[in-house]
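Before any comments, here is the structure.
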Amino acid sequence: MVPVENTEGPSLLNQKGTAVETEGSGSRHPPWARGCGMFTFLSSVTAAVSGLLVGYELGIISGALLQIKTLLALSCHEQEMVVSSLVIGALLASLTGGVLIDRYGRRTAIILSSCLLGLGSLVLILSLSYTVLIVGRIAIGVSISLSSIATCVYIAEIAPQHRRGLLVSLNELMIVIGILSAYISNYAFANVFHGWKYMFGLVIPLGVLQAIAMYFLPPSPRFLVMKGQEGAASKVLGRLRALSDTTEELTVIKSSLKDEYQYSFWDLFRSKDNMRTRIMIGLTLVFFVQITGQPNILFYASTVLKSVGFQSNEAASLASTGVGVVKVISTIPATLLVDHVGSKTFLCIGSSVMAASLVTMGIVNLNIHMNFTHICRSHNSINQSLDESVIYGPGNLSTNNNTLRDHFKGISSHSRSSLMPLRNDVDKRGETTSASLLNAGLSHTEYQIVTDPGDVPAFLKWLSLASLLVYVAAFSIGLGPMPWLVLSEIFPGGIRGRAMALTSSMNWGINLLISLTFLTVTDLIGLPWVCFIYTIMSLASLLFVVMFIPETKGCSLEQISMELAKVNYVKNNICFMSHHQEELVPKQPQKRKPQEQLLECNKLCGRGQSRQLSPET
């Protein structure tokens, strides 16, 4: 038997609930479900600030890395570790975050995560070394992962039933606003001395303010009931719903908590209610979220844009700001229209457009003849000084550059003479050419050469940027928000939290693998072929969505769960790929003629197996 879906359980994005009518009232929702006053809204917005902090931390490394890699002379692998260390922390937190949230509370977890984010950011700006950078980023990763889980659960549990989807979706909207804010910060401090410190430090005041504000907000009433504090839970519900009698909602919460004990974690891997199929669908879906390349665009946006012709840090950061703007603009209509268009439709459209834009970007990049083939920096100090001359201008090669002069003092006359062609190969604009560095004895893998902007035709550069923006927009309406909505719908309430924790761990794990190898893979095969690989993955995700993801538009959670609980669900979905929403809705039995009813009765009794129904005239 399929358990009744728990509408009080935590959900993500626009979770659908079953409409409830009270006797004789004609109202679609009971009184306690209609109470969504200003206090509930402000509490949700305050908690959703965590989403802004998460988005900011995800996007800020894109611009900060341009300065840090030069300052610390980071190698390709070291850059990947700086980026991926945040994901390492997030993965660790996703494995244990659910236990912490259930033991200490959702509100407390948000407060702790805000404080940890501020502490990690403070570590980054006070002391700069490679090791400290890794430690600080891991701390921030733990913070954003913990806050992501706690925020969605907290908002879902304080929101009334009919406003839960809207209020929980605030978190997703705040994430993309945070990413946009990070890209704006990258541009604002691109040419500022030690601008990376300002980039990392801007979130500290906001994190502290959120922690203080959350202290004065009430705990989740559901958490209080879990801890046996029903009196306190009743008072909190009274404030949130502006009602004096909260008995009915308390009864619903207690009933839903009983449902959760019907399942264990291991039921996710058993055939009970087709759970094994459901978890495989969920894990595969989050796999495609990461393997289609979006995390790398997020983390390495400025680096990618520099490789296609946006030469200066400022130009690359400004272009990446467009990525943030597109994400915000695309996410808003997707959030508002998902109940009308359907999550499966958005997933199909998003994957299709992603594939088209990626193949366009790959073809364009094949026709951009750059002066370099590698985007990794050397960790050699002499190469660092030479690279700084390109990034910060030819003035760094003058006799006023004490760092470079000290290097010359420590090398032999023969080695020094090998660098002399550099002087003669600097053209009128003071730019170092590829040939000059090669004549100096430096291999392609030991430096990053920034090309003359004139070497890249303007229309190719802007076409590449346009393809990137279309790719980002397609992801933002499809594989960005929709998988989390699907995940919140395909699992019963009694096991949804544990299923979400498992898929979240899978999400961060694949993210770690992708971000940890992006520069290395790009260095080996080139950016165009990376785009082509992501194209194949996008097409594979489209095929998977068409074959396995149900269209849940207009269906209640109970109807969705009943359909997915069928043993032959996957077989039916593959054979009949034209599933529509109405097929998930149980149909009312049609009235049949007496002859048909008799035939059906005989079949059930085993006496009419060979009989055929005569055609009606």
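Every residue, even glycine, has its Cβ placed from backbone N, Cα and C.
As stated in Swiss-Prot, the feature region 'Disordered' covers range 1-29 out of the listed 1-29, 233-261, 407-435. Taking the topological domains listed in Swiss-Prot, Ser44 lies on the same side of the membrane as Val225. Only sequence-distant pairs (6 or more apart) were considered; of these, fewer than three Cβ pairs between the transmembrane segment (467-487) and the transmembrane segment (45-65) are under 8 A, so the stretches are not in contact. Helix, strand and coil content of the topological domain 'Extracellular' (194-197), in residues and according to DSSP, is 3 helix, 0 strand, 1 coil. Among the listed stretches 45-65, 81-101, 279-299, 499-519, 529-549, the one sharing the most Cβ pairs under 8 Å with the transmembrane segment (198-218) is 45-65. Below 8 angstroms of C-beta separation, residues 8-12, 15, 40, 43-44, 47-48, 50-51, 53-54, 57-58, 85-94, 97-98, 100-101, 106-107, 109-110, 112-114, 116-117, 119-121, 123, 164, 167-168, 170-171, 218, 220-223, 240, 497, 500-501, 504, 508 of the same chain, each at least six residues beyond the ends of the transmembrane segment (138-158), sit close to that stretch. Within its own chain, the transmembrane segment (346-366) is flanked in space by residues 288, 292-293, 308, 334, 338, 460, 463-464, 467-468, 470-471, 473-480, 482-483, 486, 526-532, 534-535, 538-539, 541-542, 545-546, 549, which lie at least six positions past its ends and keep a Cβ under 8 Å from the stretch.
On the 0 to 100 pLDDT scale, the model's mean across the topological domain 'Extracellular' (66-80) is 87. Distant neighbours of the transmembrane segment (499-519): 10, 12, 76-77, 79-81, 83-84, 87-88, 90-91, 94-95, 97-98, 145, 148-149, 268, 278-279, 282-283, 285-287, 289-291, 293, 295-296, 299-300, 303, 375-376, 487-488, 491, 530; these residues of the same chain sit at least 6 beyond its ends, with a Cβ under 8 Å from one of its Cβ atoms.
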